[in-house]
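Only one structure is covered here, and it is reproduced in the block below.
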Protein chains: 2
Amino acid sequence: MKPIQAMRVGLLGIGTVGGGTYNVLTRNAEEITRRAGRPIEITVVADKDVARAKELTGGKVKVTDDAFAVVTDPNVDIVIELIGGYGVAKELVLKAIENGKHVITANKALLAVHGTEIFAKAQEKGVMVAFEAAVAGGIPIIKAVREGLSANRIQWVAGIINGTTNFILSEMRDKGLPFADVLKEAQRLGYAEADPTFDVEGVDAAHKITLLSSLAFGIPVQFDKAHIEGISKLDATDIKYAEQLGYRIKLLGITRRRDNGIELRVHPTLVPSKRLIANVEGAMNAVLVQADAVGSTLYYGKGAGAEPTASAVIADVVDVTRLSTADPENRVPHLAFQPDALANLPILPIGETLCGNYLRLRVADQPGVLAEITRILADRNISIDALLQREPEEGEDQTDLIILTHVCREQDVLNAMDVIGKLPVVKGAVTRLRLENLQ
Amino acid sequence: MKPIQAMRVGLLGIGTVGGGTYNVLTRNAEEITRRAGRPIEITVVADKDVARAKELTGGKVKVTDDAFAVVTDPNVDIVIELIGGYGVAKELVLKAIENGKHVITANKALLAVHGTEIFAKAQEKGVMVAFEAAVAGGIPIIKAVREGLSANRIQWVAGIINGTTNFILSEMRDKGLPFADVLKEAQRLGYAEADPTFDVEGVDAAHKITLLSSLAFGIPVQFDKAHIEGISKLDATDIKYAEQLGYRIKLLGITRRRDNGIELRVHPTLVPSKRLIANVEGAMNAVLVQADAVGSTLYYGKGAGAEPTASAVIADVVDVTRLSTADPENRVPHLAFQPDALANLPILPIGETLCGNYLRLRVADQPGVLAEITRILADRNISIDALLQREPEEGEDQTDLIILTHVCREQDVLNAMDVIGKLPVVKGAVTRLRLENLQ
């Protein structure tokens with residue numbers, strides 16, 4: 001029998017996820033070794049806060065403040081990058097790859113923006129870059145799309161992939177409170193950061209759906225082409241109207257294959273209340289995948305937090321450990337498709353995308369208003385799926401008109417909104433949200 | 001550049017799933033090759049009905065009625081076994097392994113009963129036996145448990161893993177109809193077989209939960225120790241009462257780690273209505289996994305049908321293709337844990353398992369009845385979570401009493417039911433169902 005050699009891991013960053021990774025690897029060492037066939041050993045930790053890192057690791061592991069020493073350390077086989085951001089993290093990842101280390105990262109921003117460069121370098125050096133933790137935390141969604149559904153032509157992916165915004169939307173609906181109040185509460189509870197921009201404006205979700213889009217359709221990562229809208233402008237009124245019409249509003253990352261290209265977008269979306277994904281509440285994540293052979297599959301779990309994210313990081317460590325001795329040509333490709341077989345499908349400009357719509361208008365309570373508005377929609381090939389018109393409140397001469405449209409072209413809707421917004425009978429701006437039936 | 005050699009597949013059985021596999025492999029050949037890095041080619045099909053097989057494959061593939069010729073064919077790298085059952089399928093699988101072929105199978109019955117022998121033989125011969133299609137059809141649940149959650153100490157798995165029974169239970173609830181009527185409808189629609197015993201009596205679900213139990217806890221397959229109850233005796237009355245108390249009844253396969261061993265059981269189960277898994281309707285499947293690092297994750301999709309099952313079969317083909325050149329010691333182990341690291345945890349006898357309970361009793365409408373019954377429960381450490389007592393119908397002197405218990409020991413409940421059933425104030429048998437909060 002060959003002596004069994006431990007896999008030696010260098011950990012860059014021992015904050016929330018790094019600490020969770022250290023703890024889970026230590027606590028479940030026996031179980032993980034029984035699976036991997038080899039012990040996994042963190043041999044060095046790099047963190048700016050050396051004192052804290054020493055405390056967390058109880059003096060059992062070498063600690064340094066020099067991350068660059070780790071990525072060049074000949075006693076490290078795998079580098080786990082948990083620093084985040086595009087700056088030094090990128091340098092470290094590239095340096096690790098150059099030095100023949102496999103890299104595991106939870107850094108969706110880095111991969112969504114610089115993935116092409118990083119994967120090409122890894123390919124050249126014959127090492128793996130694994131990133132299960134970059135999307136939907138502990139849910140093994142990358143593995144599912146990349147390997148579990150490999151028989152399929154995937155048609156679309158739609159996901160609740162940002163826990164902060166799903167928590168805020170759940171609370172807005174439950175308590176009927178406006179966005180700003182709920183955001184404050186979320187910050188107090190630790191569900192939102194002090195600067196919540198990346199989460200609430202949809203940037204984080206866009207990083208993740210960019211990665212899922214590449215895995216689903218075999219295209220290079222193209223974060224710069226994603227269309228991104230967050231929830232900060234969402235009005236509690238629309239959550240209430242949506243509910244009355246049988247819908248819930250979720251911030252979805254959506255990517256869909258069309259004949260002429262790929263849709264890649266993040267925005268608040270009306271989803272029929274009876275869909276499982278509409279019932280994913282609080283900070284939970286869920287990803288729905290539609291594919292030609294398997295149909296719909298859904299994956300649900302915790303999308304963030306120390307140990308759920310650590311679960312994904314360590315699953316990658318086990319995978320990389322198993323595959324590290326395999327011929328690089330027979331490993332699972334980084335983006336699910338062989339690097340020389342990526343497709344040249346364009347990301348469609350948002351005006352070319354297809355979607356259902358929810359329109360809320362403040363209209364004068366007088367004859368002919370509905371005829372005028374529906375004519376403008378019909379002229380632009382926008383057909384109406386449902387209408388809700390309230391009686392005006394006592395003493396008012398205006399009322400809310402809600403229109404749900406069937407799937408139509410985005411640019412047609414924008415044009416119609418422009419014309420409708422200028423009608424004398426329409427008071428104030430037209431509110432528009434997108435709607436997906438997800439069937 | 002090396003010439004790329006196609007992976008040569010021999011298909012045993014071209015019925016529903018075999019036909020689906022052939023069709024999906026043909027239709028998505030380009031996409032699958034882009035993922036696998038090598039073409040996958042069905043080189044020979046064996047089926048008793050040679051004429052039909054020839055028709056389905058349009059004369060493009062060699063067809064034979066001799067399955068044994070396929071498993072010894074030097075031009076076959078992977079054998080897909082879709083014959084089913086324990087008889088000839090077992091012989092063929094073992095023969096294929098002996099001849100150095102990798103085997104992919106959807107045959108849960110075979111693996112749940114003879115898995116230990118088959119996996120040992122595969123280990124000895126250095127080949128893979130993959131079986132994603134054996135559990136929950138197209139949902140990549142085996143991959144998720146075996147690889148996606150490898151960081152975790154798994155605590156329990158609970159699944160709706162039989163579509164026929166979930167369809168029947170959904171219809172019984174929706175329409176308030178008795179089991180026998182709905183079964184007939186399910187047979188007419190093709191959701192239930194002419195002889196539905198394996199499905200409705202829970203045997204199929206038990207095969208599947210046996211496999212999931214081994215993957216979750218690293219124990220040998222032990223179908224013979226599973227406790228199995230089906231839905232054929234389920235009364236529509238109990239579905240109605242459960243609903244009133246905030247629960248739905250699902251046929252769950254459950255396996256749970258306890259201090260003294262593993263629970264392995266299939267039975268109708270009350271589940272809180274607000275859980276996502278309680279809202280899985282019709283023939284859909286879903287598996288909920290509780291693990292220490294990641295928490296709860298859920299996997300949802302189609303559990304049967306030609307193409308969903310084919311999706312799982314082909315995902316295995318791609319995996320095996322990728323790993324076929326890898327060192328056998330570094331491949332993913334058949335049961336998630338290295339074969340020399342399987343645990344010796346016993347499957348607990350049903351009397352030792354722990355569960356909540358739903359009890360329905362027909363009782364005399366007279367003072368002291370409740371006191372007597374609750375005393376019997378308390379004496380056996382069974383504490384009550386909820387009670388529902390109906391007023392007797394006009395002119396009757398009996399009524400239904402429903403009791404929900406907290407988690408308690410199965411044998412204590414059986415003993416209590418025995419004593420309660422003999423009370424003069426209790427009319428007829430005590431109906432008991434199990435209850436799981438799944439939190």
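Cβ atoms are placed via backbone N, Cα and C, with glycine included.
Note that the coordinates shown come from a computational prediction; the quantities given were computed from them, not determined experimentally.
Its Cβ placed at the centre, A:LYS208 (active site, proton donor) has 26 other Cβ atoms within 10 Å. Sequence annotations record features per position, and here TrEMBL assigns active site, proton donor to A:LYS208.
TrEMBL lists A:LEU12, A:GLY13, A:ILE14, A:GLY15, A:THR16, A:VAL17, A:GLY18, A:GLY19 with the feature NADP(+) binding site. The DSSP secondary structure for A:LEU12 (NADP(+) binding site) is strand.
As annotated by TrEMBL, NADPH binding site applies to A:LYS108. If you draw a 10 Å sphere around the CB of A:LYS108 (NADPH binding site), it holds 26 other CB atoms from the protein chains shown.
In this view, A:GLU193 (L-homoserine binding site) is surrounded by 13 other Cβ atoms within 10 Å of its Cβ, with every protein chain counted. Residues or ranges marked as L-homoserine binding site by TrEMBL: A:GLU193.
The secondary structure of A:GLU193 (L-homoserine binding site), as reduced to three states from DSSP, is coil rather than helix or strand. Listed in sequence order, A:TYR22, A:VAL45, A:ASP47, A:ARG52, A:ALA53, A:LEU56, A:THR57, A:LEU82 are the same-chain residues at least 6 apart in sequence whose CB falls under 8 Å from the CB of A:ILE14 (NADP(+) binding site).
A straight line from the CA of A:GLY18 (NADP(+) binding site) to the CA of A:LYS108 (NADPH binding site) spans 16 Å. The recorded positions recorded for this entry are A:LYS108, A:GLU193, A:LYS208, and the Cα of A:LYS108 lies nearest to that of A:GLY13 (NADP(+) binding site). Ranking the binding-site residues A:LEU12, A:VAL17, A:GLY19, A:LYS108, A:GLU193 by the distance of their Cα atoms from the Cα of A:LYS208 (active site, proton donor) places A:LYS108 first. Of the chain residues outside the NADP(+) site list A:LEU12, A:GLY13, A:ILE14, A:GLY15, A:THR16, A:VAL17, A:GLY18, A:GLY19, A:LEU11, A:GLY20, A:THR21, A:TYR22, A:ASP47, A:LEU82 have their Cβ within 8 Å of the site's Cβ mean position. Around A:LEU12 (NADP(+) binding site), the C-beta neighbours below 8 angstroms that are at least 6 residues distant in the chain are A:GLY18, A:ALA46, A:ASP47, A:ALA67, A:VAL70, A:VAL71, A:VAL79, A:ILE80, A:GLU81, A:LEU82, A:ILE83, A:ALA89, A:LEU92. A Cα-Cα distance of 17 Å separates A:LYS108 (NADPH binding site) from A:GLU193 (L-homoserine binding site). Spacing of A:THR16 (NADP(+) binding site) relative to A:GLU193 (L-homoserine binding site) is 13 Å (Cα to Cα, whole number).
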